[in-house]
Structures are given as structure tokens and as C-alpha cells.
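Notes follow the structure.
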Amino acid sequence: MLMRKVPGFVPASPWGLRLPQKFLFLLFLSGLVTLCFGALFLLPHSSRLKRLFLAPRTQQPGLEVVAEIAGHAPAREQEPPPNPAPAAPAPGEDDPSSWASPRRRKGGLRRTRPTGPRVEATAARGNSIPASRPGDEGVPFRFDFNAFRSRLRHPVLGTRADESQEPQSQVRAQREKIKEMMQFAWQSYKRYAMGKNELRPLTKDGYEGNMFGGLSGATVIDSLDTLYLMELKEEFQEAKAWVEESFHLNVSGEASLFEVNIRYIGGLLSAFYLTGEEVFRIKAIRLGEKLLPAFNTPTGIPKGVVSFKSGNWGWATAGSSSILAEFGSLHLEFLHLTELSGNQVFAEKVRNIRKVLRKIEKPFGLYPNFLSPVSGNWVQHHVSVGGLGDSFYEYLIKSWLMSGKTDMEAKNMYYEALEAIETYLLNVSPGGLTYIAEWRGGILDHKMGHLACFSGGMIALGAEDAKEEKRAHYRELAAQITKTCHESYARSDTKLGPEAFWFNSGREAVATQLSESYYILRPEVVESYMYLWRQTHNPIYREWGWEVVLALEKYCRTEAGFSGIQDVYSSTPNHDNKQQSFFLAETLKYLYLLFSEDDLLSLEDWVFNTEAHPLPVNHSDSSGRAWGRH
């Protein structure tokens, strides 16, 4: 103690260093340690090193983790392994496409190339796609693409002869015309709006909108399978390259669960099943994971809007409601997300929706359009087979078909619902037109929306598996409804149908006000033509379909793409300046299929989601294994 009080006396450290020297040494040592640990976390693939030091993130109850994809170490452009996290990842950690700018300049595709090589995950090299089963990293999960393809009963693109050797025919010429329309729509989009969600052909620029939470390229993803189907190979490669290099998932807006699912996830899934390209599978799974927070409600019925930034599911008030067509149109895609990822959480979420709907009391067997995700009760008794309700019924019969006719729950729910619709909503006008009205607590609105015109095709599709005594009846009902929808087109000046049409005051199958007289390139009528053609081969459906082609060319084609029109009853209509992405995904695809052979995307092998993206039927092999599962 005495020595410490002597001025100028500094005792030596245990290492023989004086205190100032010791301080400098420790400062240097701490800086070196900080530098080393920092380098570990900043090196490429540092997430693997972080696992050595950081505790795993807490998972939400029931949320399972999909392990990394074994044997496919990600190159600079390949997606990181799928991992269902409830919230959006930090910017820059989502997927390698974050290295390219999401902004696209009008006037063509401007690519910002990543620093590493692009992974070309072709079908030839991607025969088996290994991953680990959730919770059991020692047991490999594999999707065998070749095994899946071998179980298809028809070639994907059909067995038609080489068109260079095929004699010219009217049907071939019609098919080629529709192909040219698709090529024109795509080239216009690529030139003026590549990477934006949709093209505005009058102003020759792109449109983003607010439905997709910051996701871009809706038209690209919606077009993939149509381009492939029509064998527009160069255009397909352009679309694929954009998905690989510029399709960003690290977005932070609020998105429609329904629209992202049917357009983006449906488009990516179908592109994978058609081509085997790994990039489509990985991005579909990762985007599916970003939708999972929408299901975090008291009932498990998802909200319609999901925030990619926070993972919130939206409003938590008792008065809020979810829409039947939106939460009821997830089943097809989510089962395939489970099939391709090995993660059961996707299938569990949509099976729970079915469970809730089976338990709830339904007025007269009808499904109202609004349900509270908080209480699990109907919010109001408005029933429609058009907007707000439509694709819920479609997904019931298609779930039955997609399952290889094993999903008895879906089958029973569909035929029970159809019987209630026929009992309470079906009407025949004084002029003999069969239509499906809308029901508001027992009071009927005698109108059909354009969206309801899909129902002719749906009823035709389900007729074969109805009770034997009902099959012929359903085929005739499908034909009559489709005829009514054709009349809504035939009775307009443009030969295109209005958004809604009424049956009252002596007027039938026509819109009664300007606000319902617009046409936005919708596909539902030609969708029914396609299904009725494949079932009956009645040439009337091709005649009606060709009328639509001619009307589209005359009234909707502009210098720089196709546009909807504001009044179908005006022979000089005003354009709405929007080439909807579903025009390329659905309208042109259904028209092309209408003028193609039945084995092109055969209905024995494929079902179409409500955005017309083909998803495969589960053809199990003799051992009971489905799709490409090992």
C-alpha cells in the first residue's frame, strides 16, 4: 500500500509490462478478437457459422422448419434453403435476387447482373430434389421429378404432329392466331413494362398497384406456363431469366393473400411442374412461407391481407371478416407447397379451414361470403357464385380431382353445396335463360356477374363423378349456364360481355347501368367454352370462342398491347389502359386450349387453379406413393 502512494511509482504487471503498456496491449487484443468474430459473421454463407454461436430463432407454435436442401449448395443466384419463418427476413438475407434492382425502366428489360454464376436447374440435372423432413434432419426428403413425369398419362404438350409437317387447317390457323396474340401481349409488356406488375398500353408504361405488397413482375409469373404451353421458347427464357435474376422476395408491403397465392405461387408451381426448373420450386416455397402469418388468427381462418414487413395478419377487431373465395382458394397450391417442401404446415393450414367450414352451421346448406376469423361466425348472409364466393366451389371439385379422387371430404362438400345452389339460387328467365342469382338473406338479386360464368365449366367438370342419376342433368345444366353467359356477349355491341348482367323488367342478360358495362379482359366465359368443348366436342363452343378472339382483336388490341374497355355496348369504346396479367395467364391460355387437342395439358393429368395455372393430379404408383415423393 505504501509503494502505491509514492509519486511516479508504477508497479510492473504480472507480464513484466507497465500499466500503460498493458492497456495498449489489451486494447489491441480486444480489437483483434472483434475483427475475427466480425469476419465470421460477414463471410459468405455466414448463417452456417452463426448457428455455432447464436441460439435458434423461436418458432411459432405449429410452425415447422424445413432443413437445407442437401446436395444443392446455393450459388450466387440460387435461393437459400426454404425455412418457414413467421416474419419477413432482414433486407439482403431473403434471396440472391436482392442483388438486382427491383426497379425496371420502361422500354425493355434492364438487368443488373449478380456477381456470381446463374444456376441452371434444368430437369435433366434436377431429377431428384433432396431436402430434409421437418424435425428429422437425418431422413432425406426427395422430390423425384422424373418419377412424377413418368406417371403422367399424356405428354405435357400433347402428341400432335410436328406443325411443320401438319397440313394447314382452320383450327391450326386459329390456334396460331391466338399464339400471335400472346406473343404480341408479351412483347408489348417486355418493351414498356418489364418487371412491373402490369402493362398500361395507352401510356406505354408499367403499373405496380397495391395488391402484392411490393412484389413485382406479376405478368411475368402469370405468363410462364402460357409461354411454355405455346412453345414460345425465347419468350419463356426471357421470363425465366427475370425470375432468376430480379424476382425479389424481401419486400415489406401489405399484400392480398389470395392474389399472391393464385398468381405468384400458382404460377411458380406450375412452371416447376412443367419444366423441373429448381428456381421456380424454391421461390414458390419461400413465398409460401411469407404468407403463413395470415393464418395467425383465433380460428385459423386467414385474414385477406398479410403484412410482409411485420408478419401481422391485419385487423384484430371482432367486426372484421374474411372472404369465402379468398380463404377458400388456397387448398390446391398449399398442398403442392407441402409436396415440394416436405413441410406439413402448408397442408395443415388449409385442412383447418375445411375443419372450420364443416363445423359451422350453414343457412339452407349455403355458404355466405363473409366469415369472421376471430369468432368463426358468418358476418352476413350474402351468397354468390360470382365475386366473393366463386373459386371456393371451384377448389372443392378440383381438390377431389387433384387428389386422384381420394379426397372424399372435398367431394361431399362440393355436391352438397351444388345441391343447395340449385335449390335456392338457380332460376330460368321468361326468355328461357338459366342463371344463378345472388342471395341476400333469402331475397334474390336476379343477376349474374361475369365471374360467375366459370360455373358452367365447373359443373361440367364435376358431372362425371356425380350420382349416376344426376350426371346427365349436370351436363345439361352446365351447357345452359354457358349458353346464358354467351348471350351476355352476343347481346352487346362489341360481342364482349359486361361485368354483370340482369334478368328483370323484360331485359335479360344485359347490364342495366354503366358501372357494370365494362370488360377487363376476363376469362371466365372462354374458360367454360374450353371445358364444354373437351366434354362434348360440340363445334358451337369453338365458334363462340372464335367470336371472342375477333372481338378482342377489334376492340381491345391497341398499338402497345391489349386493354380492357369501359362500355361493351359502345362500338367505339374507351380503353381502360390496363393489360391485366390474367389476360395472359387465363384468357389466352383457355382460348389456345379450346383450339388444341384434348391431350395438351390433359384433364386426366392436370387441374387448373383459379388463375389457370396447371397443377398435377396425384397419380399414385402401385406402392401408394404420390407424385415424386420418396
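Every residue gets a Cβ built from N, Cα and C, even glycine.
Checking C453, C556 against TrEMBL, the residue bonded to C485 by a disulphide is C453. Here the candidates are the recorded positions E259, C453, C485, E499. The one whose C-alpha lies nearest to that of T610 (Ca(2+) binding site) is E259.
When the Cα atoms are compared, C453 (disulfide bond) and E259 (active site, proton donor) turn out to be 20 Å apart. Sequence-distant contacts of E499 (active site, proton donor), defined as residues of its own chain at least six apart whose C-beta falls under 8 angstroms from its C-beta, comprise G449, H450, A511, E516, S517, Y518, Y519, I520, R522. For the pair formed by C485 (disulfide bond) and E259 (active site, proton donor), distance between Cα atoms is given as 25 Å, rounded to the nearest Å. For E259 (active site, proton donor), applying a Cβ distance below 8 Å and a minimum sequence separation of six or more within one chain yields M211, F212. A sphere of 10 angstroms centred on the C-beta of C453 (disulfide bond) encloses 31 other C-beta atoms.
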